[in-house]
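According to Swiss-Prot, the feature substrate binding site maps to 45, 66, 257. The feature NAD(+) binding site is assigned by Swiss-Prot to 146, 174, 231, 256. Residues annotated as active site in Swiss-Prot: 207, 236. Sequence annotations record features per position, and here Swiss-Prot assigns active site, proton donor to 253.
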């Protein structure tokens, strides 16, 4: 049994060594020669897995340690009898932490009260749904656009046009689709970007091409009232440095890169592979996760709620460090810049999630307890 895996997938040996030989490669370097003898292929979003890659190979199981599947040719898998698995929700918490950290940074820059803003979440799947729960748990006003869920479930959804018209913050969490009525390719094009409310904050931690990057750069140059946070880029790992310069925060597709999320993704495809083989699971993620660097935060009950929110979130993650590292990596040399983009992701420092944090409140405070519950942390 030969298992070919992206070298950046964590815990591959711990989860898969019992099944056969493991060969690891850079994700962008996986090609036909790499998989010509492989039985199992384990990838991330940087590897396009399609007929051209797999035809003639013995691969019968493909696992991707990602939520999205736009890099997988699912039609070919069905035709070729290939079983596949993604890792739905594996990094949802990490992306939510990224968005919260971005909001705190924007609020400090502009001196605004986050509780007074209207939030628009586009896409209510694993990530968007988790973000909606947190924001509403904090008591904030949230509007949601998700045409597919609206058609299937009904409920309290708004159109994208209504959301753009009414919201001060737009956070994108859609998959990337290029066809059909609900295509998300350039969902925010020049026309829609020009319709953003005065002072809107735009956050894209979904897929780069969901926003027309060239149009966004032009609109940001024309409208100094707008603020943008980009974690994903239309041509990544190539990045338009001039667009990054226009963003308040710019990062190299690491919004969901928590240690918990990455290892959870590996665990999920391991579980799927065990089901494929009809075997019982022998390895548990809980036994492999290390203790967090900051296990607990203590607050007095008289702490200001807005300050407490920032303290809890930043005890776990602050995106400004990733922003600084990314900006230092930008270069006019395209090859150097592409290599640096992948290098930042490959050597990303350990980062944990808010729901692994314990918060001790000295005294009683309903407001602080509500914040802790909304964030998903544990109150001691």
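Every residue gets a Cβ built from N, Cα and C, even glycine.
Features per Swiss-Prot, on structure.
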| residue | record | contacts (Cβ under 8 Å, 6+ apart) |
| --- | --- | --- |
| 45 | substrate binding site | 64, 66, 68, 70, 71 |
| 146 | NAD(+) binding site | 122, 123, 124, 125, 128, 157 |
| 174 | NAD(+) binding site | 122, 123, 125, 128, 184, 187, 206, 207, 210 |
| 231 | NAD(+) binding site | 98, 204, 205, 251, 252, 253, 254, 255 |
| 236 | active site | 208, 252, 253, 341 |
| 256 | NAD(+) binding site | 67, 90, 91, 92, 94, 95, 98, 127, 205 |
| 257 | substrate binding site | 91, 94, 345, 348, 351 |
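Highlighted in sequence order, 44, 65, 67, 68, 91, 253, 256, 265 have their Cβ within 8 Å of the centre of the Cβ atoms of 45, 66, 257, the residues recorded for substrate, and are not part of that set.
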